[in-house]
Amino acid sequence: MACKRHSVSDPISKDLVECLRESMQRDLKFETPYVFVIFGASGDLAKKKIYPTLWWLFRDNLLPVNIKFIGYARSDLTVFKLRESFEKNCKVRENEKCAFDDFIKKCSYVQGQYDTSEGFQRLQSSIDDFQKESNNQAVNRLYYLALPPSVFNVVSTELKKNCMDHGDSWTRVIIEKPFGHDLKSSCELSTHLAKLFKEDQIYRIDHYLGKEMVQNLMVMRFGNRILAPSWNRDHIASVMISFKEDFGTGGRAGYFDTAGIIRDVMQNHLMQILTLVAMEKPASLNAEDIRDEKVKVLKAAKVVELKDVVVGQYIASPEFDHPEASQGYKDDKSVPADSTTPTYALAVVHINNERWEGVPFFLRCGKALNEKKAEVRIQFKEVSGDIYPSGELKRSELVMRVQPNEAVYMKLMTKKPGMGFGVEETELDLTYNNRFKEVRLPDAYERLFLEVFMGSQINFVRTDELEYAWRILTPVLEELKKKKVQPVQYKFGSRGPTEGDELMKKYGFIFTGTYKWVAPKL
C-alpha cells in the first residue's frame, strides 16, 4: 500500500498554524484592513488557483482577520456566479462549510473594462467603503494581475491613476507570467512598470519558486558541508533540469502556439532553477542578497546557440493508452497547419565562471511525453583510478525530484548482497511522503501569497533577473523563427526526440538505463 499523500486541500495542523502565525507577526499586522483584488476573476487561473489558495489560507487562519477579496473582470457576474465557478476547486469538506460561507461573505465583485477608468473608479469606491467599515483605518492593497500581457500596460496605468494607497498604507502588484515575449518586449514592460511602481511594489510570480523542493535547493547546497566541496566542475559532469508533462496542450493550444515550450517553461521555471543550482552562497537570506547572486549566474551564462538546441513537436500515437494520444499537436483546429511551434525543447547552457566552466546545463521540457515529472539531476564524474571491472561502476547522481512525489535521492554504487564482490546501483532516499508522513506540504501559491502579504521578495523575479534570462534565450528564439526550423516529430507518450538524447551524449551525459528510482511503498 502506497504511503498516504496529503492533499493541498487538507488543513494545516494547528501547531504549524500557530508557528506560522508567530513567525509572520513581525511582518504582517493581522488586525489591519487588507484588500486582495483579482483582475481576471472570471479566468481559469482565478478559478483553479487564486480563489482556492485564498480559501485554504483563510480556513487555516493564516490571513489577516479584516480582509476583503474583490474580483474584477469584464464579465457580467454576481458573487453567487463567481462562487459557482471556483467552489469545486476549493474542495470544501462537510465540517468546513460554515467557514467557507464566511469566506464568501468577504468576497465581492466589480465589473469593468480594462481600458477605461470607470471600472477602476468603482473599484476604488469599493475599497473606500471597506475603509469606512474599518473605522477609517488605511487599507493595504494587493492587486493580482491574472491577465493576458496585452492588457498589462493599460491595467497598471489605470491602477496607478485610480487605486493607489495614500501613503499611510502600502500597495503591492502581483504579475503573472509571461513577462514579455522576448528581451525587447520584456524590457518595455519593465520600463513601463518602473514608471508607475517602485521595485519593492512589484511581485513577478513564478509559482515554481514556491515549490517545496525548489525551496530546498538552497538548504541542500548551503546547509550541508558534505556537498559543498564537490559542487563544482572538478566533480560534476553535467546538470540536467527537466520538466516533463504526460499530456498535450488540451484547450490551451491557441495560446500555446503564440508562445511555445521555450517561452512557456524554459525561460522562466527552468532558468530560475538553474540559478539556484549554480549560484554562489549569498551574504545572507535577505531577498536582495539572494537575487544578486542569481543575477551573477545569468550574467555569466553564454547566449544559447542554435547548435545547442533541439526542438520537437508531438504527433498522434493512437496505440498509446491516453485520451489525448490520438491527436497530434497540429491536429488541433486552433493550431495552424504550418506551425513550427515547439512542444519539446532541449537547450544546453554554458556558464562562464570558475565554478562551472566546462559543465553543461541541460534544460529539457516537453509536453505529451512518457511521464509527468520535474527534477534536477546532478551527474558526477567517474571515480578516478577505478579498480573494478570495466563498466561495472556507474556515475553517481544526486536527484531532487520537484514533482510529483517530492524526494531527494543519491544514486550510488554499493556491493551486491551475498558472497561475491560485485557492485550494483542503489540509492540513499529521502522521499518526503515517507519521511514526513504527517506533514502537509504547502501549495506553491499558498507560500507565495503569504510572502506577498509579508513583503518578502525572496521568491519573486527582479527586473534585472528577467532581463538577463531573456538575454540568454532571445537570440535562439529569433533564429528558430527566422530560419523556420522544423521541429523534430515525436510520438505522444514517447521520451521525446532521440536527437535530444544525442545532444546530451555529445556533451558527456551518460544515460545507462540500468536503474530507475521507484517511489517507496509502505
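Any Cβ shown, glycine's included, is placed from N, Cα and C.
As given in Swiss-Prot:
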- GLY40, ALA41, SER42, GLY43, ASP44, LEU45, ALA46, LYS47, ARG74, LYS177: NADP(+) 1 binding site (BINDING)
- LYS177, HIS207, TYR208, LEU209, GLY210, LYS211, GLU245, ASP264, LYS367, LYS372, GLN403: D-glucose 6-phosphate binding site (BINDING)
- HIS269: active site, proton acceptor (ACT_SITE)
- ARG364, LYS373, ARG377, ARG401, TYR409, MET410, LYS411, ASP429, LEU430, THR431, ARG495, TRP517: NADP(+) 2 binding site (BINDING)
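Taking the features listed in Swiss-Prot, we show where each one sits on the structure.
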residue: SER42; record: NADP(+) 1 binding site; DSSP (3 states): coil
residue: ARG74; record: NADP(+) 1 binding site; DSSP (3 states): coil
residue: LYS177; record: D-glucose 6-phosphate binding site; DSSP (3 states): coil
residue: GLY210; record: D-glucose 6-phosphate binding site; DSSP (3 states): helix
residue: GLU245; record: D-glucose 6-phosphate binding site; DSSP (3 states): coil
residue: HIS269; record: active site, proton acceptor; DSSP (3 states): helix
residue: ARG364; record: NADP(+) 2 binding site; DSSP (3 states): strand
residue: ARG377; record: NADP(+) 2 binding site; DSSP (3 states): strand
residue: TYR409; record: NADP(+) 2 binding site; DSSP (3 states): strand
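Largest Cα-to-Cα span within the D-glucose 6-phosphate-binding set LYS177, HIS207, TYR208, LEU209, GLY210, LYS211, GLU245, ASP264, LYS367, LYS372, GLN403: 22 Å. Looking at the residues that bind NADP(+) 1 per the record, GLY40, ALA41, SER42, GLY43, ASP44, LEU45, ALA46, LYS47, ARG74, LYS177, the two CA atoms farthest apart are separated by 21 Å.
Sorting the binding-site residues GLY40, GLY210 by the number of other Cβ atoms within 10 Å puts GLY40 first. Sequence-distant contacts of ALA46 (NADP(+) 1 binding site), defined by Cβ-Cβ distance under 8 angstroms and a gap of at least six in the same chain, are ILE38, GLY40, GLY71, PHE86, ALA146. Looking at TYR409 (NADP(+) 2 binding site) and GLN403 (D-glucose 6-phosphate binding site), their Cα atoms lie 13 Å from each other. Counting neighbouring Cβ atoms within 10 Å of each of the binding-site residues (SER42, GLN403), the lowest count belongs to GLN403.
Spacing of TYR208 (D-glucose 6-phosphate binding site) relative to HIS269 (active site, proton acceptor) is 6 Å (Cα to Cα, whole number). For the pair formed by ASP44 (NADP(+) 1 binding site) and LYS177 (D-glucose 6-phosphate binding site), distance between Cα atoms is given as 14 Å, rounded to the nearest Å. For the binding-site residues shown (LYS177, ARG364, LYS367, ARG495), fewest C-beta neighbours within 10 angstroms: ARG495. In sequence order, VAL239, MET240, ILE241, SER242, GLU397, LEU398, VAL399 constitute the residues six or more apart from ARG377 (NADP(+) 2 binding site) in its chain with CB-CB distances below 8 Å. The residue listed as 'active site, proton acceptor' sits 25 Å from SER42 (NADP(+) 1 binding site), taking the CA atoms of both as reference points. By the criterion of other Cβ atoms within 10 Å of the residue's own Cβ, the least surrounded of the binding-site residues ASP44, GLU245 is ASP44.
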